[in-house]
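Features as listed in TrEMBL:
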SIGNAL    1-22  signal peptide
DISULFID  CYS96-CYS101  disulfide bond
REGION    127-149  region 'Disordered'
COMPBIAS  136-145  compositional bias 'Basic and acidic residues'
BINDING   ARG193, THR195, TRP206, SER289, HIS292, ARG321  FAD binding site
ACT_SITE  CYS420  active site, nucleophile
DISULFID  CYS420-CYS423  disulfide bond
ACT_SITE  CYS423  active site
REGION    508-534  region 'Disordered'
Amino acid sequence: MIVRYAAVSFLFFFSLSGNCAAVSECRSSLSDSPYQISPKAIVSDACASYSTLDKLNTKVKPLVDDLTRSTDFFSHYRLNLFNKKCPFWNDENGMCGNIACAVETLDNEEDIPEVWRASELGKLEGPLAKHPPRRVQHERPERPLQGKLGEGVGESCVVEYDDECDERDYCVPEDESASSKGDYVSLLRNPERFTGYAGFGAAQVWDAIYRENCFQKSSFPHSASLGQSQTIHKGPAAQDLRQVLEAVGRQQALEQMRETQPNAPFVAQTGLEVEDECLEKRVFYRVISGMHASISTHLCWDFLNQTTGQWQPNVDCYRTRLHTHPERISNLYFNYALVTRAVAKLGPYLQGRDYTFCSGDMDQDAATRAKVLEVTEAAASVPQIFDESLMFKNGEGPSLKEDFRNRFRNVSRVMDCVGCDKCRLWGKLQTAGYGTALKVLFEFDNASEDIPVLKRTELVALFNTYARISSSIDAINKFRAMVDSEEALAAASAAAPEFPEFTPEGIPDRAKKPHHVVASPKTEPEEDPLDEYNEKAPRHEPTFMEDVELEVRRVIKAFKFVINRWLAFPRTFVNVVVIELVRFYQFFVGLPLIERNWSFERPILDEL
């Protein structure tokens, strides 16, 4: 079911059938703000705090990174990348090479070396291998791809042997077309990072994902049978009209918001959302928003400076897209909890020998299985991280689940409209990964014997998506530390400005900062360099009391100087500590070091 945003009348035909499911018991522990980002705060709609997920990620990330980078099974992905057309609009408007796409990050891309331009950054790298026909698979079971991915690749770990589709899939299968079985692509050779793909083409894709797949309130008359009085509900037509007015109001508010923030990459909260939005709708929106947040995090973390050619974190990009929008970071953590629960739930199904990772290499099959089980066991170390049993439990559960499934399939179809090859690759992979996670959560019933079999592409998409979310969580924490260090440095500079040198009366000029003395060509007698310490020669012999008074004044001046230096020491010490901590963090994350505003110098003996 494709919902086209064109006219108000269309909204009458695509209203969602479904009442709200039960509210999670974890909601009772939420803070007043559902998007409050603090270590002890519970991620809304999940059952874990932010600190719990951060600690879990420190354990999971090394394992899932090793799994997706060191195994042939999970480092290659099969997809139909070039033979599908955008089903929603003319995809020429979204291609990177089209002038209307406005993908240039500078005023004129001619000033950028060709290798750093958006058209080059978006191209796939490494070898491509076509999916072999069944005859070749049977004739050459060990090398069905005939070495097209490289000599060191275990092809029995890469080739997809199961081409059957399941109606319980939450995404459009990559092998649905009989005319084109897709290509095998190396994910290591094509990392997800900044490509320069932006402008109208990218905005059109995200608008289609958010707008054309939005849920509407239920208008089914039998919803009153769920224990609510029939008399308190208005008729279906009245409900539909209310839904249309609410949708139009939200859309108008969003358009007004975009007039002041034209580059906002997300669909923002307008304040006109339905108050009694149910769990299923929130989960759908948060999955989409969290995926968007994860992708934005990767682009900001691995950002190309198209002037210098250096790949580096872009703190300004992070501030604009994520730091000032805690709800997006919250949705990212929610996705981490959801996918973690799916990976943990999938673990028991992958322990046995029913699923083979590498049919032609038993050693590699065993090694891959061991790495997979390490990830699933680590994901299962935190119980009750997300409770999927609360969803689709009311009287309209089956129809609501089907609508949920169809709308997520629409998202996977929209990814065919992305005009950048690498962006389309990772968009389709992560959409398939989230679809697989939803399939595991809602279709894997422990009490049922009819459990759907996951295809190779689904497993590869799921674990690579898990790795991507894990990297996003790690990058978010590093970005936060960068922002905190910048704010601390700014606060230190404001609180501890340059201290003026203390120059009490009577301190000789030579005791100040050493300077170069230029000899004077004049023959006039030079003044005593000790200034006020050397009194002019008295015209009469000083008395004993005058000598005592002179020495007492000198002692008092020296005592004042020492005391003032000690009083200034704490502020000076704090300034030194702050500067050194900032420099250590910048060195640790690989950022340029700021200059010190202090130094140690050996005193000159003549000045003592």
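Our numbering is plain: 1 for the first residue shown, then up by one each step along the chain.
Keep in mind that glycine also has a Cβ here, set from the backbone N, Cα and C atoms.
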Original post:
Distance between ARG193 (FAD binding site) and CYS423 (disulfide bond) at the Cα atoms, whole Å?
Top reply: 9
Original post:
Can you tell me the three-state DSSP label for TRP206 (FAD binding site)?
Top reply: helix
Subject >> Euclidean distance between Cα atoms of CYS420 (active site, nucleophile) and THR195 (FAD binding site), Å >> reply: 8
Original post:
How far is it from ARG321 (FAD binding site) to CYS420 (active site, nucleophile), counting Cα to Cα, in Å?
Top reply: 21
**OP:** Between TRP206 (FAD binding site) and CYS423 (disulfide bond), find the distance joining the two CA atoms and give it rounded to the nearest Å.
**Re:** 13
**OP:** Using only the residues recorded as binding FAD (ARG193, THR195, TRP206, SER289, HIS292, ARG321), report the maximum Cα-Cα distance in Å, whole number please.
**Re:** 21
Subject >> Candidate with sparsest Cβ neighbourhood (10 Å radius) among ARG193, HIS292, ARG321, the listed binding-site residues >> reply: ARG193
Original post:
Whole-number Å distance between the CA of HIS292 (FAD binding site) and the CA of CYS423 (disulfide bond)?
Top reply: 12
Original post:
Between CYS420 (active site, nucleophile) and SER289 (FAD binding site), what C-alpha distance do you get in Å?
Top reply: 20
**OP:** Take the C-alpha atoms of CYS423 (disulfide bond) and SER289 (FAD binding site) and report the distance between them in angstrom, rounded.
**Re:** 17
Subject >> Other CB atoms, at most 10 A from the CB of SER289 (FAD binding site) >> reply: 22
Original post:
Which site among THR195, TRP206, CYS420, CYS423 has the most other CB atoms no more than 10 Å from its CB, taking these as recorded positions?
Top reply: CYS420
